[in-house]
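Q: So that we are looking at the same thing, I have put the structure below in structure tokens.
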Amino acid sequence: MDKKDLFDQITEVTRNTEDLLNKLHETQSAMVEIMEENAELQIENQHLRERLKQATAAENEGTKNTKYGLSKSLQNLEKLYASGYHVCNEFYGKHRQDEEECAFCLTVIYGDR
Amino acid sequence: MKFTIARNTFIKKLNAVQRAISSKTTIPILTGLKIEAEEDRLILTGSNTDISIETTISTNDEEAHLNIESTGAVVLTARFFGDIVKKLPDNTMLLEVKDGFQTTITSGASEFKINGLDANNFPHLPEVDSQTTITLKADVFSEMINETVIAVSNQESRPILTGIHFTIEGNKLSAVATDSHRLSQRVINLPEPIKMPEDIIIPGKSLLELSRMLDDEIDTITLQISENQALFTFDETLFYSRLLEGLYPDTSRLIPKESSTEMEFEAPELLASIERASLLSHAGRNNVVKLTINAANKQAIISGDSPEVGNVEEEVVTKDIVGEDLEISFNPDYLKDALRSFGHTSIKMAFTSALRPFTLVPTEDQENFIQLITPVRTF
């Protein structure tokens, strides 16, 4: 293989790589779009479900909203905790390592009041 | 500096001091052991940045056969020096430091020459000038450490939880440790009320080293506290530990005040059951066992299920069950550690709900020792 061939080959490989990179970027931005849409839909879905629950709850009144009788704000904390974050004063907002349970958080959510 | 000493005594003291010396330190002189000969005693010192240990051998000690010919001080690399002293042939050894800290160790037909360092470069031990002195029974304190140190966190990301939190109220000394997954609290009664200026947090690692040094021969141990150091004194040994700075989280609210289900059993029986159940939970991905309590039938069943491996189910021998039915899952390793710390005794386990931490206390003496474990949510 002489020098010219080598040079041509490198140019080609470079072009291919650039193409690939562009495609990767495109796919990435497409993915981000889809994820954003997904998150939006999830939130919307959740709102609709709550709406539905309210509607049905209005029909058969008198039943407590959750099985542990948590208030709305505590339910939010519970949701945060379940998605893997600390909600206790000590480590608020930190990621729970390996999903390990935290006694402080559980006391905040389910503790005596 | 020149002295002769009985090797047995010297090795014993050397081992104690070596606990503080680490070969992996960024400060070279701290890999060394400081030997200081005064008119009537020999002082050995070792230190890392967390703990420092100083011990004294007196010329009055009959077993030591200590004979100091000339005074002085030197720092010798602890690892070599320790190995050399342990392998020397004769019962007595002679150590002599010449110009340039060249040190000669002679015993029987063997002679070592090793290079020492200037003892003036060795860091000074912290000064602890405190009016408060707490005297404790060594065996009780050692037990207290071993019972609480199991719950200390080993994650450096939360430095404050790597320590044991000591507080004094009246004549009660309490020690608490938690890694946020479990908690262990032990209270001991002091003979008389003591005023301690503040609560203190001592690193769990330091206390573990200390408890290993407390053997049967040691009767009492005294504790003094300064701003950032704790000093433990026993026999001729001084043990310094750094204190952890910061506020320890309020742990009293973690312990549930009421319970809906209670279960009584012998610690070794449940320990054996848990050990069997954990054989499978360790093999699986999530390390969890489930406890199912049927209060009406006075029945408690431990089960472990690992889809890839298989499952186990076993009925636990209990003495009594009262309250509501319950299904609760938890990490068996935490319960194993807790049960081991109780030894052979009868235990009361109290639950509030499947989502809240549960507690274990000895049936006798329910006030002074409590272990708390956080359940695992399984949905």
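Cβ atoms here come from the backbone N, Cα and C positions, even for glycine.
Pasting the relevant annotations from TrEMBL:
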- B:1-126: domain 'DNA polymerase III beta sliding clamp N-terminal' (DOMAIN)
- B:136-250: domain 'DNA polymerase III beta sliding clamp central' (DOMAIN)
- B:253-376: domain 'DNA polymerase III beta sliding clamp C-terminal' (DOMAIN)
Q: Using DSSP, what is the helix/strand/coil residue split across the domain 'DNA polymerase III beta sliding clamp N-terminal' (B:1-126)?
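A: So the counts come to 32 helix, 55 strand, 39 coil.
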Q: For the domain 'DNA polymerase III beta sliding clamp central' (B:136-250), give the DSSP counts of helix residues, strand residues and coil residues.
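A: Final tally across the stretch: 26 helix, 46 strand, 43 coil.
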Q: I'd like the per-state residue tally for the domain 'DNA polymerase III beta sliding clamp C-terminal' (B:253-376) from DSSP, helix first, then strand, then coil.
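A: So the domain 'DNA polymerase III beta sliding clamp C-terminal' (B:253-376) is made up of 30 helix, 51 strand, 43 coil.
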